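Undergrad: Pulled the feature table from TrEMBL, pasting it below:
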- 368-493: domain 'Palmitoyltransferase DHHC' (DOMAIN)
- 43-75: repeat 'ANK' (REPEAT)
- 76-108: repeat 'ANK' (REPEAT)
- 146-167: repeat 'ANK' (REPEAT)
- 177-199: repeat 'ANK' (REPEAT)
- 258-291: transmembrane segment (TRANSMEM)
- 416-441: transmembrane segment (TRANSMEM)
- 461-480: transmembrane segment (TRANSMEM)
Amino acid sequence: MFPVAAQTLGGGDIFDTIQRGNIDQCADIIQLDRSTLRQKGWGGFTPLHYAAYQGNRALTQLLLSNGADSNAPCDAGQTPFHFACRNGNVSIMHQMLQHGADVQTVDQQGKTALHHSVAGGNVLAIQYLQETGMFRFSDTDRFLLTPLHLAASTGNSDVVRYLLRNNRCAADAADQQGVTPLHVAAEKGAIEVSWLLLQEAGLQILHLKNRQGLTPFDLCRQGTTFRHQQLTQILKRFINEPTDQKPKESYGMFYWTLLFPSLSGAVILLVASALGGYGGIFCALVFPWLARNILSQYHRINSYQGLPNPVYVGTLAAGMFHSTVCFYYKILPNILYCTVLTQNPGRLQQDDADPRFSSVMSLVEANEKGSRFCIYCEIFLPDNCKHCRLCNVCVLDYDHHCLFLNQCIGRGNHRLFLFLILSMAAAHLIFLYASACYLSARYVLLSRSAWWTMAAAQTWVLVLTAMNVLTFVWECWLLVEQFEAVSMGSTTYFKRCDRVRRPLWRRWGTAMSFLLEGKRPQPHRVYEAV
Ligand SMILES: [Zn+2]
Ligand SMILES: [Zn+2]
């Protein structure tokens, strides 16, 4: 018969057709002459070899259902099933088994289907074969190569991990030439695989020699690529350490990456503050560099251990750390609490005295109250001014003497005082919300016993929550009082006595204008101390 019998009138060369993935044409060819399925091409490959090699499921199904043989060996003794295992498509492997594939066939090198699937690098396919119960991971080929040797030669760390797990393969097994998996990995410059093998078998495998008397370290040093140089550096560190030890994981790089955003941020901010007026420009130039440096990092840090990259955790922590420090060191002391504590509340100076009066006599003649004269400061008081006996000063626009601040609240700090109360109320509200979230996430409070359990275990949170509730209620009352006074253009001590109550929107306007601009409407009515 003519050797190109497959090139029939129906469609052409079956191998070509399979490589093009043309299923319809393939079906035509097979229908015309089923013997094409037994035809062997280059290397003794059958059409099924090609389909399995490509991992074309539909095509494999077509060939199998038309009687293609999964066990037909090629010139090297490898069957289409071996090819399917190497490709790693579990569905095709399963199809072949259902069509009578012999799992235990070995090729001319003595490699089993398991060896082929390991070389292919698909862990799922390896697991599938292992589940058949027909293989041992200690099986070697004719040259005593174990599956681990093959995995190390591909550099596939997933497969190496799988084979080392549960002692599936011995990490120090030597082949005919005395070559261990570490020899193979080191010769390839496979850093991650070498690290996994050393972690499993300890540093003693670093000193095992092959038939030529070479250790893995010797083989690695002969390599010329960057990977070989990196691996040589790593192995060099361990070569003089005791052989019964395992290489210690190094977390230096991990912690450096974790702290990098905080530390670099701190350095930049310190330099910026030292530069004075040029600090802003410096930050504008350097912070984009920092952001780019962080955002361009991968999910794993660039080390042989391949640890998860903590740079984003570090960035978030840096944000919280720097904001907290800035808030407590700069904003809070300067803007609110300390300023309210230390700022002049509006002490009455000699120049501020009411010019209309020069003596008590003139006061009496003008029919003014005697309280216009401060008997402690001996000064005539303008409107809305009162002497505080605790502070021993007269205070303009006197509101009250705050015991919590040990300070008078008056013209100089009244607005700031309101901001302080507002920010405290907001902070307490945030605390209450957060503690409610925390407790509701931890406890299902349906029964009385659940409440007791919570009360016993969470006293810290509960006591503080209760105190925060009380403080918040008190702050709300304080704010209502303050709004009442401020919205009338007055203080809580000198409440304005309007005959006609002003509409609410106008009072809001007055309060907002005071809060935002610090302006009070000019007094045009009589004020009365209450
Ligand atoms: Zn006084
Ligand atoms: Zn006072």
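Placed from the backbone N, Cα and C atoms, the Cβ positions cover glycine too.
All TrEMBL annotations are machine predictions without curation.
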Undergrad: Can the transmembrane segment (416-441) be said to touch the transmembrane segment (461-480) if we require at least 3 CB pairs below 8 Å and skip pairs under 6 apart in sequence?
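TA: They do touch: at least three Cβ pairs between the two stretches lie under 8 Å.
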Undergrad: Are there residues at least six beyond either end of the repeat 'ANK' (76-108) with Cβ under 8 Å to its Cβ atoms? List them, or say none.
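TA: Result: 43-44, 46, 48-49, 51-55, 57, 60-61, 64-65, 68-70, 114, 116-117, 119-122, 124-125, 128-129, 132, 134, 141.
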Undergrad: Residue counts in helix (H, G, I), strand (E, B) and coil for the domain 'Palmitoyltransferase DHHC' (368-493), per DSSP?
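TA: Tallied per class, the domain 'Palmitoyltransferase DHHC' (368-493) gives 70 helix, 18 strand, 38 coil.
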